[in-house]
Ligand SMILES: [Zn+2]
Ligand SMILES: [Zn+2]
Ligand SMILES: [Zn+2]
Ligand SMILES: [Zn+2]
Ligand SMILES: [Zn+2]
């Protein structure tokens, strides 16, 4: 398999042998070498290119998730890595028969300009530049402003049943053979009448988006929020245009940073989905990361030598200090470490290879078990002793308690247990005055309006941190809020059912007549 | 204007809790800190009534606070534990000898028995002598490996059922990051565990009652309780890589206060792909300590020191284990290779 070559780029330019003469390429042994790859292997331009393109094909071939004839959406941000990915797809589709990639590509660009307060002139300029690049490929493309999140349907954040794809071994090969047969018989005269569309954002939408981003009090939360929303638009675009795969341009360097910043923001449970080759959390649309074997510098070199165009687009953290956000901080940490210890990125990357996701992709699982924002399986189950429980304990203990002191422990079968339960404070109220012991689930919060604490039960640990940093959840797009309400109603119903006599189970309809005022107090006891 | 304690609502707030941001008075802080440790001990079922527990005491703030809190909770909640202090003397002049004085004062203040085991008596080498031979580059490898075993040996001598160590939340978070940076998935999976079961006969189970306590709060607790602790960094210490990770965590904490516990949550929820090779634990053929190789790390390191070839234990030389076991000399070529790595 192709290795990631972390340390070649520092000795790129001219390669000389010990005597000072020009070194020959180790592969073709003819041309003069101009690139040194790990371990001192020097390659000429042509062989470097050959290796680079081979790696892309090999990554796809090894993972076997993209089927011939499948519609694949390439998410291009304008950055070097995703633009290089676009070039690799072009190269792959134009190869001769046995090496040829056989899927139907389309391109999507999600314009986040609104979220970072760019003027509409600037945004149009960027879009025009990208359009030129996209048109040159001849592939259908979709330019979608992030403002579209304001019109997304709630189904966006539900895991859909995965497309009935042949899963057994050999199926991939059969599919390839069938496709080649078909292609020969139709003599490649495939007629692709696909739309290319450019959505424009409207001013009120932009303002609503800006209000939402502005409601996040920290840059970390702003970045996480934008990433989450972008993902939603991406999945929605893929679904509505009939793409079953989305290719993301994350490089190995980018993923190493992402892995560390995800660990730092409590996303450990989702690392495999967030940084692995394929991400199946959405069920019907699978995200893949074919650039994960390339380092950022390797890509930069390729783009430079082979004139791959890219567009610089300022993001949320451009111009910000290193310590402005967790993502920014992690990026500078990894870069500094990489400079001192050249194997840093590749080691972190290998760590990610060995991780897996607990939840898997089972689409039959209850949507209530998945996070409202990131659509990953919830990692907030109360399993006794955990960081999450420790935090809840700390919050509980630092809040107003008056003069109550917990009871003394007794020994139950040789193990220490507390005799009297400590006073259970109402955790729903953020206000200092709501610290009264909770009796039978009713306290000052039962007639509260939707607030962030109510969203909590529908979010994973890390997404709870995002919402904690929002000044108000009311700015969140409607599809998120209405799905949150739906889930809360359901969980209330389920609770009613468990309290109801056995004979009533199954007659859910009769149980829906729950006074609306209690809807928001629903999970006070369970989180 | 003085801020009132958000906890009791009566006294003046003296500090802002780094962990929750609440402004609390001294007494409420002590109470909350101790209750949190108690909660950890109870919910993780760290001890059983009547057990003998060795507290690994270095004289530093973590272990001093641990010893204090363990004694307080043992009395307050009637754990029925027989507590004792267990210290390791690495033999570092100007560092360990001073910190051991602190431990000896702690012993009197807390009225707990104390056992000191030294590298010199266990291995025949002090850290000072080791540094003289290996220099300052790899000495932490020796110290870490030897300390781990020394604690176990001391625990066996004391006949304790468990050892508790002063690892705090910052330490655990740092270890999670270090294992990611080193690509050590086996350790990554284990390092967030609050207690380790007995692995084979040579190893005494360990636990970390301060696992969820922030270092900052430990310092505050020690400061306000006026605890007697020793606060100099080890003179042979700084491991550059670990130093980077440590600084990174401090920076993260300044960006988002909950980062430390967020990292621990991540660590607790990681899962390793099936089929990733995990080392199989066996026992050392020479000393009986747990080891995934024929010889445990301490025995290899010791052999290297005694043969004047310290590189033996630092890089991977599993092939040579047979020769060491059989007490055979190395070939000239093997010796040359080990020596050349030295430079
Ligand atoms: Zn060549
Ligand atoms: Zn989430
Ligand atoms: Zn108070
Ligand atoms: Zn410490
Ligand atoms: Zn041994």
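Just so you know, glycine gets a Cβ as well, placed from its N, Cα and C.
The annotation ATP binding site is assigned in TrEMBL to B:56, B:57, B:58, B:62, B:88, B:166, B:171. According to TrEMBL, the feature domain 'tRNA(Ile)-lysidine/2-thiocytidine synthase N-terminal' maps to B:53-233. Among the features that TrEMBL reports, domain 'Cytoplasmic tRNA 2-thiolation protein 1 C-terminal' is placed at B:282-312.
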In the domain 'Cytoplasmic tRNA 2-thiolation protein 1 C-terminal' (B:282-312), how many residues does DSSP assign to helix, to strand and to coil?
12 helix, 4 strand, 15 coil
Going by Cβ pairs closer than 8 Å, show me which of the binding-site residues B:56, B:58, B:62, B:171 neighbour chain A.
none
For the binding-site residues B:62, B:171, which Cβ has the most other Cβ atoms within 10 Å, all shown protein chains included?
B:62
By the DSSP assignment reduced to helix, strand and coil, which category contains residue B:62 (ATP binding site)?
helix
Of B:56, B:57, B:171, which binding-site residues come close to ligand 4, meaning Cβ under 6 Å from one of its atoms?
B:171
For the domain 'Cytoplasmic tRNA 2-thiolation protein 1 C-terminal' (B:282-312), what's the mean pLDDT in this predicted model?
81
Once the chains shown are all counted, how many other Cβ atoms turn up within 10 Å of the Cβ of residue B:56 (ATP binding site)?
22
Within 10 Å of the Cβ of residue B:58 (ATP binding site), how many other Cβ atoms can you find? Include all protein chains, please.
22
Counting Cβ atoms within 10 Å of each candidate's own Cβ, which of the binding-site residues B:57, B:88 comes out highest?
B:57
Might you list, by sequence position, any residue in that chain lying six or more from residue B:166 (ATP binding site) with a Cβ less than 8 Å away from its Cβ?
B:56, B:58, B:60, B:62, B:63, B:64, B:65, B:66, B:208, B:210
